[in-house]
Structure formats: structure tokens, C-alpha cells
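Features of the protein shown, as given by TrEMBL:
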type	residues	note
TRANSMEM	B:25-47	transmembrane segment
TRANSMEM	B:67-94	transmembrane segment
DOMAIN	B:72-282	domain 'ABC transmembrane type-1'
TRANSMEM	B:106-130	transmembrane segment
TRANSMEM	B:158-186	transmembrane segment
TRANSMEM	B:207-229	transmembrane segment
TRANSMEM	B:263-285	transmembrane segment
Amino acid sequence: MKLPTLREVGTEAKLLLIGIPVFIWTMVPIYHMFLFAISPKEDAFSGKLWPDHPTLNNFSIVFHQQHYFLRDFWIQFWNSVVIALSAGALTLLIATAAAFSISRLRVPGGRWVMNLALFTYFIPAAFLAVPMYRTMGNYGLLNNHWSLILAMVTIASPYAIWVLKQASDKLPVELDEAATMDGATTLQLFRLVYVPLMMPSLVAIGTYAILLAWNEYLYAFLLLSKDTEITLPVALGNFLAADDSPWELLMTTGFIYALPPAAIYYAFKRYMVGGLTAGAVKS
Amino acid sequence: MAITLSGDHAIPSPPLSARLTTPQVWGIVLLAPYLLVFLAFVVYPVGYGLWLARHPASYVALWHDPIFARAAVNTLIFLLIGINVKMLIALFLSGFFAQQRTWIKWLSVLFILPWAVPSIPTILSVRFMLNPEWGVINQLIFKFTAEDGPNWLNDPSVALGMAIGVHIWKSLPFWTLILMTGRLAISHDLYEAAEVDGASWSQKFRYITWPSMQTLYITCTLLSMIWTLGDFNSVYLLTGGGPADLTHVLATLGIRYLRLDQLSLAMASIVCALPFVLPLVYFMMKRLSR
């Protein structure tokens, strides 16, 4: 066995000197959340780094909705699921159609639409929130899930269209030409050639839109207010309304709420990193 | 537009339907859903918002509102410190994570967590850590020094600093990942040649890494500026704009006015940010649309 040289040990030590602070910095808020989720109330509030009596009781309270703040937990969870999936599906549908139209069919004015979409993408969503709230009020959609779904589609689709357009520009034109020569109609071209070839990007974009909608807080709390209509993040924010909030339950609910997006992220990481980071910043 | 219309000017135009080929008709049909969404949920709200912000009186009222002035200053501090610190650390860490080590690979999987999980629970978790009585930080301070720790979120400048910290915690992984992609794209031969010539670490950075990454770095900084400007969660969920509305930024101020039912002020405060946002948006659009 070859012993590491002094220099190698030195490099490794330097790397560890960076790595350990990075690890601590990253994990502390998440560990703190996890710690609260498995702590009984007395332990959580005593500043211990590991509870004396770790318990899953908090999860049971949340799942059985045994607290005033949690009485609508399951319906709020369901609202989050429905809104995230609908926003994802709708974004995918609208953006794929638009990207196909702009990139493959070279529709007149397509470039112009692309620029408008990009413009929307770069306007911070928080700035659009106030007018969006008023607009949804004018459309009579406030307190209706559609308002949040449509708002999320509006915010997600510009980036979706842009990424999909970039990806589909890379497909060779000859494919379309060959298919058309063989007598494929435009819709067949879309269904049988375009969509299968674009699958990796479509997965990335679908995931992106679902995560965006699932994580959204600002629009959700503006547009939805009834306890049985709101999504989980709004319910979490509502915990703060009371001075003596049950923080261990808040953190437990937050932990449950954070699990699905983390799982989705890691499951689709392959697609996300390839499809999104390449598109996110093109230098 | 140019594709169909160029050269059509001399001949009298036949009816629209005859000029368009079938794929083009399909193109319009497929583009229509997005255009509808755009008209209903971007054009109309923006137009309506600008219309609400039309009164000069709103701007006078804003000018006289000390909270607005404070929010504007806070926003500048937030941007200046938040973005530069974040991007410099990201640049540094992108080099760290580009190292080929198994444990660094594993660390990078964990490192992405702040970006992968929603911000609400984690920010609230930080908020409780900073609780002066029950938070773990002050309890540890008390345990070791037998003195009470500071009331973190009750001092406006500390609270704003904490909000910046939360913002950095949340978005650092994303930018590190992006910069790492840029770093990995640099040819390894360059570094090997530099190694042979006996270049130091700083020389390698100065003459190889930085020249290949500066465009990417600047693009990232600008993009991050736009997104940081719209960061509502870091401030709102950590401090709620408090104490005494002294930690608001422009992103949360609009919502504050909305809650006070001062709609025209809400819109006016957003309009005030536009001269700053629009050049950035224009620049980014030029970068991204070929």
C-alpha cells in the first residue's frame, strides 16, 4: 500500500477545511427542522442538539389533524398536489405547443412571441403579484384554485418555452422534412416525431413547473384564503398568526411538505441538471 | 414576420388564408394558448397596474413615506451585499466542487438541498433558531457564556443581515452549480500546461479560469440581481418587514401597501423599481435570445 505524501495530506486537509464549514452551513437549518419534527415540545424549546426522547408523535398529530392549526391538513396537502400537477400539466401542454410552433413550424411572429415570453420571465414574479391579485379579482377567480394554477402557468411557461425552443432548435430539420415527405401531417409530426425526441426536456420542464407551483408561497397566500382552499405553504405561514405557535408541529408539517419536492428533485436530477442549468445561463 | 411578409409588398396581398400554408395555420393554432395566457395574465395585469399607478399624487405620497425610503435603501444593501457575497462564494466553491473526490461528490448532493427544498419551512426554521428566548442559538450562547444573546430579529440592521444570509443560503447552491458547469467546460490541457510551467494557484486562476469564466460570471450576477430584487420570501418570512417596518425591501413593500389597502401606492412602489429593472431585463434578453 502506498502511503499518501505530505503534500497530498495537505491538499486533503485544505479541502476538508472548506468542506466541513460548507456541510455545517448547508445542514443546520434543515437539521434544526428535522430536530423539531422528532422532538416533544419540552425538548424542542430547550435548545438541545438531540432530543432526550425522540418521538414520531408529532407526525401522528399532523396525520390525524389533532391540532387547531392542522384541522385541514389533508385537504391542504391535496390542494397542493392538485395545483402543482395541474400547473405542471398545463404548462407542459402550452409550452410544448408554443415551442413546436416557434421552432419547428417557424410561425410568423414566433420570434416576437419568444421575446415577449422572455421579458415576462425576467420581470420578478413578486412585482407581478399585486396586479395579478387585482386581475384575478376582476376575473372573479379569487379563492378559486384556477387562479393559482393559471398564475403558476403564466410564470412557468416563459422559461419552459425558452428551454424547449433551445432544445428543439438542435433537432435536425431533415427529420421534419423526411416525415413530411412520407406524408405525415403536422399533428402527426408533433405527436410521433417531436414529442418522443423531446422527452428529456419535457421531463425537465414538467418537473420544473410542478416544483415551482408546489413551492409557491406569495401568490398562494394572495390568491387563496379560505382554510379549505389554501395550499400547505400558506397553512404553514398561518401558524405564525398566533404568539404561542406549536413550532414543533409547524416544523413537522414543514418537513412533510419539503419531502416531495426534494424527492422529485433527486429523482429527476439527471434531467434537471442537463435540461435546466444548460438553459439557465447561456454564455 | 419577416419570413412571409418580405417581398409581398409589390403584389396585392391575397386573403390571409391563402397566403398561409397548412403548417403555418397549425403554428398559429398551437401558439394561441400561450398568447391567450400572455394577454389575460401578463398584458392585462401590467396595463391595469400601470393605470392604477398613474396618479402623480401616489408618487408624492411615496416620497413622503419614510418606510419607502427605508425600503429603497434596504433593497440596495440587500442587492449589493447579497449578490456580491453570494457570487464570490459561489465562484470559490465551484472550484471546490469541481475536485474529483468521492466525498466531495456526496457533499455536493447534500449541498444542493437548500435549493431543492421549499423555502418556507427552512426559513421558518432559521426564524426559530434566532428566537431570543427559545432559539437554539441564544440557548447555546447562554450555556457557554451565561449571558443573554442578542435579540437578533429586533435590530433592523441585524435582521436585514439575517435575511441576506437566508437569501444566500437558499440560492448559493444554484449559482455554484452553474459556475461549476462553466468551470468544467475549461479544457484541462490549459491547467496541465500551466502546471508544467510552474504557475501558482493564483496565476492559474487569473490567467486561465477567470478569462474563460468572466462572461458567465457577469451574466450570472445580472440574472441574480433580477431574481434577488424579486426575493419576497427571505425577508417576509424571516422578519415580516419588522421591526417597525424597517426591514422591508421593494418586493415586500408592494404587498405591505396592498394589505393596507393602498393599492395605488403598491403599484407606484413597483413602478419606481422599473427604471432599475428594465435595463437589466433588456440586457438579459439580448444575451439569451439570438
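The backbone N, Cα and C atoms fix where each Cβ goes, and this holds for glycine too.
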Going through B:25-47, B:158-186, B:207-229, B:263-285 one by one, which has the most CB pairs that fall under 8 Å from the transmembrane segment (B:106-130)? B:158-186
Same chain, outside the transmembrane segment (B:158-186) by at least 6, Cβ under 8 Å from its Cβ: which residues? 74, 77-78, 81-82, 85-87, 89-91, 93-95, 97-98, 111-115, 119, 122-123, 126, 130, 150, 152, 208-209, 212-213, 216-217, 220, 224, 227-228, 231, 233-235, 238-239, 242-243, 246-247
State the residues, same chain only, that lie 6 or more residues beyond the ends of the transmembrane segment (B:263-285) and have a CB under 8 A from a CB inside it; answer 'none' if no residue qualifies. 49-50, 52-53, 55, 58-59, 61-62, 65, 68, 71-72, 75, 219, 222-223, 225-226, 229, 250, 253-257
